[in-house]
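Student: Just passing along the structure, written as structure tokens.
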Amino acid sequence: MILSSSLRPTILVVGDLMIDHYIWGECERISPEAPVQVIDVKRETKTLGGACNVMSNLIALEASVLSCGVVGEDLAGRELLGFLQELGMESKGIITQKGRPTTQKSRIIASNQQVVRVDWENKSPISEESEEAMIAYIRSKLSLCDAVILSDYGKGVLTPRVCQTIIQMAKTLQKRVLVDPKGRDYSKYRGASLLTPNKKEAKEATGIEINDEASLKKALECLKKECELEFSVITLSEDGIGIFDQALERIPTIAQEVYDVTGAGDTVIASLAYGLSLGYPLRECALFANAAAAVVVGKIGSATATHGEIAEYLHSSHQGESQERILSRDSIQKIAKQWRSRGRKIVFTNGCFDILHAGHVQYLQKAKACGDCLIVGLNSDASVRRLKGELRPINSQEDRALVLSGLEAVDYVVVFDEETPYELIRAIEPDVLVKGGDYEGKEVVGSDLVKEVKLIEFLEGRSTSAVVKKIQGS
């Protein structure tokens, strides 16, 4: 799982800035004037919406955020700037355009259900003067950013000129541009790093009805090719997230209760940008974004998800205990760096763990007690065969990794193919290296790379070889 990092990526968010206005009340009667509900208002609230909600999500993830967009000379515009100031954000990139209203969406909520929405907005393209001012600001800030998000709600801010200018400038500086798109014509996004349309939006853009894995792959490939993307992503609501890098993968949804899907797309693109800016692979970023979205849809209104909420949600829903803990070498190296930055003690051990038994479990429990985070290096199938012979392993590396990742003592599992874990230890840089008591008086591989080596006695009479012999004997 992507952890809170001492490294704070700087992300520029450009798009349609909005105010989300909520009127909360109760409904107990029908109007005598017309067959409509009467809402007894109890309170009202205003929050940041649209591209501003993307910013709020990034701030909740502890990223540094720069903003760029257009507001009107009105109360909603002044309120929006005030909300951003409360979040500690500067507003130099926000342009005020005379005669143009600030977008505000008013929602009436009764008994935790949305009854109706009223919109104040102007969807026409912004003026050339506003375009020029936005581009000038972005040009001055882009070199300071790790990534750019274009949050398009179709309100006229992200014109073809603005989009293409940003994408070309970002390419020159080797910065990623992530787009939450709107409309049928995606040509203005061509050359971006990735798009995050939902299933309906993807169908409108590609003409492909997504109803199975084959059509999902076709739509993702179409978007990647036609828009010249680095990756393609489609959000699938209750079916999770579909991603395509070199191959298709669908990340299943983990939402338990859905109260309001408002702003879930904002959470997804913010989480993807955050993870990619820290150097995580797309798959892990999608897993993280999926979990963040699950937190958000369990709240009313445009909401955000913190690292703590995401971790708690994954733990309570028993998700990520397997797929989130089995990592590549590159990913575990980044995660180990994050643990160290938080002052945590990293423990490493390794082995084949072919047929898991009580001796293994006790050994791993004692290893975990040596620090805060236990990383297990698991010999690949090829590595086990070289060590144990052609009849081993009994269980595949995928099965062995999954079983290990389900143990409470194990934080992460990473498979290695070499005969020894030396290079893996070098990459992780653990504080403590743990081996079995049978290494007493022997050289421990990787001992020169760590501060401390701990030898732990195995539970007597328990071994995989003994289990295999017992099975063969029966």
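Positions of Cβ are set from backbone N, Cα and C atoms, glycine also.
Below, the features straight out of Swiss-Prot:
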type	residues	note
REGION	1-321	region 'Ribokinase'
BINDING	Asn198, Lys199, Lys200, Glu201	ATP binding site
ACT_SITE	Asp266	active site
REGION	348-474	region 'Cytidylyltransferase'
Student: In sequence order, which same-chain residues at least six apart have a C-beta under 8 angstroms from Asn198 (ATP binding site)?
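Tutor: Within the chain, Asn198 (ATP binding site) has Cβ neighbours under 8 Å at Ile234, Thr235, Leu236, Ser237, Gly265.
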Student: Look at each of the recorded positions, Glu201, Asp266, and point out the one with the fewest other Cβ atoms around it within 10 Å.
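Tutor: Counting other Cβ atoms within 10 Å of each of the recorded positions Glu201, Asp266 gives the minimum at Glu201.
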Student: Please identify, from the binding-site residues Lys199, Lys200, the residue with the sparsest Cβ neighbourhood, meaning fewest other Cβ atoms within 10 angstroms.
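Tutor: So among Lys199, Lys200, the binding-site residues given, the one with the fewest Cβ atoms within 10 Å is Lys200.
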Student: Please give the average pLDDT for the region 'Cytidylyltransferase' (348-474) in this predicted model.
Tutor: 88
Student: Tally the residues of the region 'Cytidylyltransferase' (348-474) by DSSP class, grouping H, G and I as helix, E and B as strand, and everything else as coil.
Tutor: 51 helix, 26 strand, 50 coil
Student: With H, G and I counted as helix, E and B as strand and the rest as coil, say where DSSP puts Lys200 (ATP binding site).
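Tutor: Where Lys200 (ATP binding site) sits, the three-state DSSP reduction gives helix.
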Student: Hey, for the ATP site built from Asn198, Lys199, Lys200, Glu201, who else sits with CB inside 8 A of the CB center?
Tutor: Pro197, Ala202, Lys203, Glu204, Ile234, Thr235
Student: I need the CA-to-CA distance for Lys199 (ATP binding site) versus the residue listed as 'active site', whole Å please.
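Tutor: Cα-Cα distance, Lys199 (ATP binding site) to the residue listed as 'active site': 15 Å.
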Student: Taking the Cα atoms as reference points, how far is Lys200 (ATP binding site) from Asp266 (active site) in Å?
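Tutor: Taking the Cα atoms only, Lys200 (ATP binding site) lies 16 Å from Asp266 (active site).
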